[in-house]
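If you look up Swiss-Prot, you'll see Arg45, Gly46, Ala47, Arg87, Gln194, Asn245, Lys246 marked as substrate binding site. The site 'Transition state stabilizer' annotation in Swiss-Prot covers Cys155. Per Swiss-Prot, the feature active site, proton donor maps to Asp235; the stated evidence is sequence analysis.
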Amino acid sequence: MIRNLYYEEQALMILNQNCLPEELVYERCERPEEVVAAIKGLKVRGAPLIGVTAAFGLAMAFSGYSGTGEARDVYFSRMKELFAATRPTAVNLFWALERMERVYRENHHLSPEELARRLCQEAQNLYKEDIRVNEAIGEQGQELLGEGSRVMTICNAGALATCGYGTALGVIRSAARRNKIEMVWACETRPVLQGSRLTVWELWQDKIPVTLLTDNMAGYTMSLGKVDAVITGADRIATNGDTANKIGTYSLAVLAKYHGIPFYVAAPLSTFDWNIKQGGEIPIEERSAEEVRTIKGSCLTVPVVDVFNPAFDITPEHLITAIICEKGIIRPPFGAAIKIWGREGE
């Protein structure tokens, strides 16, 4: 499976996902500011991968840093805030940064060289854990799919959005290994086209049957009886089950409910925000108008037209059939169940 990022010679090599599917381009980041720019610019995307990338970037900030004492504490806080400001909706980012801060606090008395080594090791741990977690999500979720399943998805919740294997696409991969998948319907996912550029490319590489749809074809496809389940990823899940995911997810959930199709969310426990009670509290990132006005530099509309471009929407819990995580399947009523799962995941 393709590597999204890897650490070598005190530099982070990242796969620039903006270049896919036309080119496979790795970029070398030698400074934390370059990693920040890569996250903001969507060269790296997907909630789990954003978190791990930020962890590596934070570790990189201490490679060669010789400060000690209070100056080092101030430097750590500044670097952490730099990464925390990149993508406000993806809670995995803050979870990973908290993991890194815990390691820093436990080891800040050590030499600069040893502290840097331990921070890098924690980032590596996060990377390996994410792959294991995604494989577990896949195994749990495939149980929900029968033979000949036709599954619809949006955005990219696959290996490209994680450190490997994927969440929603992890479920599809695990089901495909058991010959359960007849077709994956991939919504193109305007405005950045993660579905057409990334999900289709991933599934094509794995020889999993896939058909591309424009986003506004989803409802009609469901009405024809061609969809057995909808599976999406998540960027943040509130403790009542309300879920933030790529813009367009809410529309799919409404359509699935109307047509009597199960709607599943696949996400690790690190995507749950234990401090948020319901979806209205989740911050929704708004991105550049140019993402909507243009595609690959070509203008699609009046160049100065006003644009509303939220990157995510909120799917209320009553539209979700079940949430698939690494420990198992969470079913309604979500509030009580999520609290139990949260305690078990501590």
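Placement of Cβ uses the backbone N, Cα and C atoms for every residue, glycine included.
Sequence features annotated in Swiss-Prot and their locations in the structure.
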residue	record	Cβ within 10 Å
Arg45	substrate binding site	25
Gly46	substrate binding site	30
Ala47	substrate binding site	28
Arg87	substrate binding site	25
Cys155	site 'Transition state stabilizer'	28
Gln194	substrate binding site	27
Asp235	active site, proton donor	30
Asn245	substrate binding site	29
Lys246	substrate binding site	27
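For Arg45 (substrate binding site) paired with the residue listed as 'active site, proton donor', the C-alpha to C-alpha distance reads 11 Å.
In the three-state DSSP scheme, Gln194 (substrate binding site) is classed as helix.
Comparing Asp235 (active site, proton donor) with Asn245 (substrate binding site), their Cα atoms are 5 Å apart once rounded.
For the pair Gly46 (substrate binding site) and Cys155 (site 'Transition state stabilizer'), the Cα-Cα distance reads 9 Å. For Cys155 (site 'Transition state stabilizer'), the nearest neighbour among the listed binding-site residues (Ala47, Asn245, Lys246), judged by C-alpha distance, is Lys246.
Summary of the substrate site environment: with the site residues Arg45, Gly46, Ala47, Arg87, Gln194, Asn245, Lys246 set aside, the chain residues having Cβ atoms within 8 Å of the Cβ mean position are Ile50, Ala90, Cys155, Asn156, Ala157, Ala161, Gly233, Asp235, Ala311, Phe312.
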